[in-house]
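Quick notes on the structure that follows.
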């Protein structure tokens with residue numbers, strides 16, 4: 001029971017991370033395309049300024065919980081994905097300091113340097129986390145000792161790349177909607193138009209991914225094998241994922257950007273759950289032999305650790321959600337000139 | 001080079017670099033909170049300008065600390081997968097608690113503090129910096145509990161081919177952890193105080209912003225003085241704890257080869273690791289090492305030769321790191337006392353100001369030396385007495401670790417140069433007028 005609860009929480013933490021960091025990573029990639037002037041670019045930075053760091057902590061929490069609840073999976077997954085994860089980390093490093101460094105020297109060349117760092121540093125995590133999760137869904141070549149029998153390029157298979165593209169499109173739409181929600185005038189027009197245009201690509205990629213999942217993974221087979229899980233996808237996939245995806249387009253069409261953004265957030269969370277739930281009880285399937293797979297049974301922590309961590313999670317995760325929601329409300333209004341003139345602004 | 005050596009170098013580089021930025025956040029957050037509280041109490045705008053000026057240095061420093069911290073958490077999995085598998089039940093949970101209970105709080109409220117001056121009442125705003133200070137210190141406490149478990153593992157049993165938790169309270173409350181916590185925090189507070197003293201000294205020497213930096217100086221002088229006294233007292237207690245639980249580390253940091261009753265302390269010695277002896281021993285103080293380690297001049301101190309060769313830590317590095325840390329610790333006590341003594345009118349003491357300005361890098365050196373001793377002195381163990389470092393490394397190709405190590409060195413060097421350049425530039429420019437109006 002405890003390992004199953006932790007499986008759910010594990011999926012939840014990653015889903016929340018994608019939902020929150022998704023929009024600032026997406027905007028980091030979109031920045032050079034939607035922002036025409038220096039003023040626009042500063043609006044983009046300040047639209048995510050109060051949030052990006054708190055969002056990124058969800059990655060630390062998701063990584064930490066993988067370590068605490070499923071140490072064997074953490075060890076084998078992270079060492080197997082070595083080069084890909086290093087690229088994600090270097091990406092996050094340069095995008096993180098880009099926020100802090102960019103405004104500190106008054107020179108166009110300096111700002112261009114950090115805009116480039118923001119772009120690369122947002123693109124790498126967005127794309128590679130998609131590649132990583134698609135490979136987790138499909139399974140990776142780990143042997144009976146948990147040693148990875150592949151390279152970085154093994155991960156860049158067609159299904160992995162499609163997963164990367166899916167995450168990229170999800171985050172781009174998510175980011176564009178956030179910018180439309182936080183701005184007025186021309187920039188809002190451009191951000192909204194971008195979101196609507198990209199939505200069609202996202203929809204096409206999502207359909208392709210769902211079809212490819214049939215061929216590349218055992219997710220659907222697993223759903224059909226487990227009657228309990230079978231009821232989850234019936235509700236989850238069509239109603240939530242597809243419904244939220246259409247709701248995103250619907251609200252964007254009516255220029256209700258906040259609602260469109262929330263729909264897009266639901267799309268990201270339910271897409272993550274679609275994949276994660278289909279893995280159960282696996283955490284990391286082996287593509288060499290199903291018996292080598294890491295499951296919640298052969299890779300979880302001791303019952304005592306799981307119990308202590310559950311107590312910690314039940315206290316602190318709701319607390320964190322509480323105060324982070326408060327900060328979203330505190331910085332709710334649209335970005336104004338006054339915000340940009342502010343001394344500590346990005 | 002093999003995966004083990006490359007992974008050790010990479011982890012050392014990443015930790016040393018990360019720890020250039022962490023200590024300042026631990027103490028400076030408290031100093032800023034004190035300044036802002038004075039602003040709320042007195043309504044004096046200069047305190048607000050102080051909080052903002054020092055806050056900018058904090059923010060640059062914090063950004064680099066955050067991004068380099070994530071890579072450490074992930075490296076346990078990428079480079080030390082056998083370690084993670086073996087001890088994740090205990091070590092992993094401590095890291096996860098740190099993130100959920102402390103780091104979220106710090107990151108979220110730091111953004112509120114930096115960008116929320118106009119959105120919150122003065123009182124509520126001051127609360128946010130106290131939350132940041134509390135959370136950053138709490139975060140350090142959890143990380144140090146995790147490190148202390150590697151130094152002195154307790155509350156576990158070997159079961160199912162790994163270390164499993166049996167007593168969480170023992171892990172969290174063990175004396176070794178709390179010695180380490182106080183020792184590290186006290187060191188971080190000295191560093192923070194000395195950075196504020198040094199930067200204030202720079203401006204006071206030039207007689208600019210005299211009121212602003214005299215006030216900053218005074219706050220930091222009291223802070224530095226208190227914690228430099230605490231460091232000496234507590235440092236001794238911490239050393240005695242190390243003597244008790246890590247005798248091999250004690251023998252290495254003192255370069256004591258033979259098991260000796262009434263072991264002496266030498267004022268000066270040069271270790272000779274190859275010959276298993278000391279090249280030079282000057283200024284013998286009989287019985288003093290026994291006294292310091294076990295509070296008994298006649299106590300027996302175990303020498304390195306009584307540990308199997310493969311279980312001894314590197315002696316020269318441990319020995320030198322220990323001397324540097326302790327020597328500088330006493331220097332900080334002297335400097336802290338000097339600053340405290342002249343805190344009312346520091347601008348009239350240019351010699352002291354010059355010394356304090358030049359001393360800024362020293363606490364960084366002392367803190368890095370202390371951690372070098374802690375980590376190198378623990379070798380060859382990754383978990384003392386339980387798991388060797390050589391058994392902890394991931395079964396991965398050396399080439400990819402070589403590439404990532406090179407990338408770390410390049411990216412971190414550039415990052416460090418830029419961060420310190422920006423902090424120095426901001427420090428030299430001094431408080432800006434718009435900071436008063438914003």
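Each Cβ is built from the backbone N, Cα and C atoms, and glycine gets one as well.
TrEMBL: automatically predicted annotations, no manual curation.
Noted in TrEMBL for the protein shown:
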type	residues	note
TRANSMEM	A:12-35	transmembrane segment
TRANSMEM	A:56-76	transmembrane segment
TRANSMEM	A:82-101	transmembrane segment
TRANSMEM	A:113-138	transmembrane segment
TRANSMEM	A:158-177	transmembrane segment
TRANSMEM	A:197-216	transmembrane segment
TRANSMEM	A:228-248	transmembrane segment
TRANSMEM	A:260-284	transmembrane segment
TRANSMEM	A:304-323	transmembrane segment
### Message
Using Cβ atoms and a strict cutoff of less than 8 Å, what residues sit near the transmembrane segment (A:12-35) while being 6 or more residues removed from its termini?
### Response
41, 43-45, 47-48, 51-52, 54-56, 58-59, 61-62, 65, 95, 115, 118-119, 121-123, 125-126, 129, 133, 167-168, 170-179, 187, 190-191, 194, 261, 265, 268-269, 272-273, 276, 317
### Message
With CB pairs under 8 Å as the measure, which of the listed stretches A:56-76, A:82-101, A:113-138 comes out on top against the transmembrane segment (A:304-323)?
### Response
A:56-76
### Query
Hey, which bits of the same chain come close to the transmembrane segment (A:56-76), Cβ under 8 Å, at least six residues off its ends?
3, 6, 9-10, 13-14, 16-17, 20-21, 92, 96, 142, 146, 148, 283-284, 294, 296, 298-301, 305-306, 309, 313
### Summary
Beyond a gap of at least 6 residues from its ends, the CB atoms lying under 8 Å from the transmembrane segment (A:197-216) belong to 134, 137-138, 158-159, 162-163, 165-166, 169-170, 172-173, 176, 241, 245, 248-249, 252, 271, 275
